[in-house]
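One structure below.
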């Protein structure tokens, strides 16, 4: 059984732990490499995944001034990963510079350009936190849409959003805009620090292209069984 809509999060502290998990979940074809693992392992983990013909979501969420994010994206694009992320709150100029840099880096390395997607609002952020802590005076769904539209306007390939915003983004941004949803939780898994979650089938029905799922699979007593259980759930989605 395979399901190319599921991206499993390699949220482990080192290369050895990552390899053990990859070997345990042989059926998984798409893996997310985030800050913790990349800081520890560096490009080596990308080489490991490439050697096993796996797809890669490099989720480093770049967030800096335009020149800096451009340099980071140019370098990351040379690895030939499938997806990479930048915070939409870096601003319009940074998003545009990053997109151009991805094209440049891929051309220099002779690889296919990565799809660059913008993080709209972290799934750990609630509407209350957006208003009270971040002092953003708009409703959370509206803010997520604004960030996605800005990214689309400057040429980015898609956005990361919570499952609760995905239907609105799909309707307004169109079918060609890639939507990636973390914060997805099966009914049998704990929500933990995800504030705006849906089940995998609900998120796909709402319009998500990819689901990022970590602990419900990787922390399960039987990770392969948990993955197959979710993949089976998605086969019922029209």
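A Cβ is built for glycine as well, from the same backbone N, Cα and C atoms used for every other residue.
Copied over from Swiss-Prot, here are the features:
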BINDING   11, 32, 59-68, 123, 185, 194, 214-215  substrate binding site
ACT_SITE  61  active site, proton donor
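Here the features listed in Swiss-Prot are painted onto the structure.
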{"residue": "11", "record": "substrate binding site", "contacts (Cβ under 8 Å, 6+ apart)": "32, 34, 36, 37, 214, 215, 218"}
{"residue": "60", "record": "substrate binding site", "contacts (Cβ under 8 Å, 6+ apart)": "34, 35, 38, 72, 76, 84, 85"}
{"residue": "61", "record": "active site, proton donor", "contacts (Cβ under 8 Å, 6+ apart)": "35, 85, 86, 87, 119"}
{"residue": "63", "record": "substrate binding site", "contacts (Cβ under 8 Å, 6+ apart)": "69, 86, 87, 89, 90"}
{"residue": "66", "record": "substrate binding site", "contacts (Cβ under 8 Å, 6+ apart)": "90, 91, 93, 94, 96, 97, 98"}
Neighbouring CB atoms within 10 angstroms of the CB of residue 214 (substrate binding site), all protein chains considered, total 19
For residue 123 (substrate binding site), just count the other CB atoms lying within 10 A of its CB, please. 23
